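Trainee: I have a structure here, written as structure tokens, and I will follow up with some questions on it.
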Amino acid sequence: MNESYRCQTSTWVERGSSATMGAVLFGAGLLGNLLALVLLARSGLGSCRPGPLHPPPSVFYVLVCGLTVTDLLGKCLISPMVLAAYAQNQSLKELLPASGNQLCETFAFLMSFFGLASTLQLLAMAVECWLSLGHPFFYQRHVTLRRGVLVAPVVAAFCLAFCALPFAGFGKFVQYCPGTWCFIQMIHKERSFSVIGFSVLYSSLMALLVLATVVCNLGAMYNLYDMHRRQRHYPHRCSRDRAQSGSDYRHGSLHPLEELDHFVLLALMTVLFTMCSLPLIYRAYYGAFKLENKAEGDSEDLQALRFLSVISIVDPWIFIIFRTSVFRMLFHKVFTRPLIYRNWSSHSQQSNVESTL
């Protein structure tokens with residue numbers, strides 16, 4: 001057998017490995033996503049009944065719900081297999097020996113599926129935010145609730161077809177050290193195009209999605225900054241323009257403090273998302289194009305995969321918990337109240353000077 005990985009055929013968990021990190025990631029992801037769903041349900045954002053007490057959910061929150069459910073399903077389907085392997089001290093291939101390599105292939109398929117699906121949904125949220133802030137006319141005409149609901153099933157169908165390519169012969173799933181996880185094979189001794197090509201294609205697609213998400217978030221951040229700057233210099237004109245443009249569909253009636261909320265939210269999201277995605281992309285390219293065909297970096301691959309899994313943990317805390325009224329009230333008291341007082345003082349001094357003139 002043409003083995004490129006040290007634990008490719010292992011039947012036990014490598015010595016020195018601990019389930020602590022996997023358990024912590026699973027617990028944090030499960031708690032965060034469940035709390036996010038509870039907050040969504042309590043806020044009534046899941047109700048589609050029109051009316052003053054039950055307003056229809058916005059496209060943004062429909063996308064948040066889809067992302068939260070996707071992350072929760074990924075944690076519940078993938079992490080128990082890792083913890084079971086540690087508990088039994090058996091690799092994924094040995095947990096169900098009668099199934100052969102099917103459990104390992106299923107695990108790798110789920111890993112690639114949920115990693116790609118979450119990234120696509122994050123891009124959809126970034127595009128929605130950028131359009132709503134920078135192109136309100138186009139947003140109000142073309143971005144509808146019905147189309148927002150279709151994002152999750154369309155993403156799932158695409159990821160299902162793309163990540164199933166190794167089952168059709170293009171690409172290969174393999175077991176990585178310490179024997180508790182499987183993923184796309186990124187190194188091959190004979191440099192088979194069907195094996196290396198799929199890993200490069202997957203990482204290239206992830207890189208393009210990350211780049212597009214960062215660009216959209218930077219565009220949204222610039223629009224927020226521009227809105228805040230225009231409102232400071234021309235407050236009456238900005239309010240009149242927003243009312244005429246109809247851009248208050250979602251963000252048009254933003255208070256300056258809410259604009260600051262969105263700015264900080266997008267900045268934090270962009271930094272964390274980029275930091276968590278780049279390690280796996282780098283490892284895929286490194287494994288495909290390095291001169292030596294040995295997989296001596298199994299520990300680095302595992303760390304890169306853990307970084308990628310952190311995205312599904314951070315998502316609910318960033319998109320939902322950060323936006324709750326309690327957290328925002330605390331944020332305003334700590335960070336924005338001095339800013340408000342400073343702006344009010346400067347405005348009062350300017351008014352006094354103008355009155356004396």
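Note that Cβ sites are derived from N, Cα and C of the backbone, with glycine treated the same way.
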Trainee: According to Swiss-Prot, which candidate among Cys7, Cys182, Cys216, Cys238 shares a disulfide with Cys104?
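Mentor: Looking through Cys7, Cys182, Cys216, Cys238, the record in Swiss-Prot gives Cys182 as the partner of Cys104.
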Trainee: Please state whether Swiss-Prot assigns Arg42 and Tyr285 to the same topological domain (same side of the membrane).
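Mentor: Tyr285 and Arg42, as annotated in Swiss-Prot, occupy opposite sides of the membrane (different topological domains).
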Trainee: Quick one: find which recorded stretch in 21-41, 59-79, 150-170, 195-215 has the most Cβ pairs under 8 Å with the transmembrane segment (107-127).
Mentor: 59-79
Trainee: Below 8 Å between Cβ atoms, which of the listed ranges 21-41, 150-170, 195-215 makes the most pairs with the transmembrane segment (59-79)?
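Mentor: Against the transmembrane segment (59-79), the leading stretch is 21-41.
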Trainee: Write out how many residues of the topological domain 'Extracellular' (171-194) are helix, how many strand and how many coil, based on DSSP.
Mentor: 2 helix, 8 strand, 14 coil
Trainee: DSSP says what for the topological domain 'Extracellular' (80-106): how many helix, strand, coil residues?
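Mentor: Each residue of the topological domain 'Extracellular' (80-106) counted once, the result is 21 helix, 0 strand, 6 coil.
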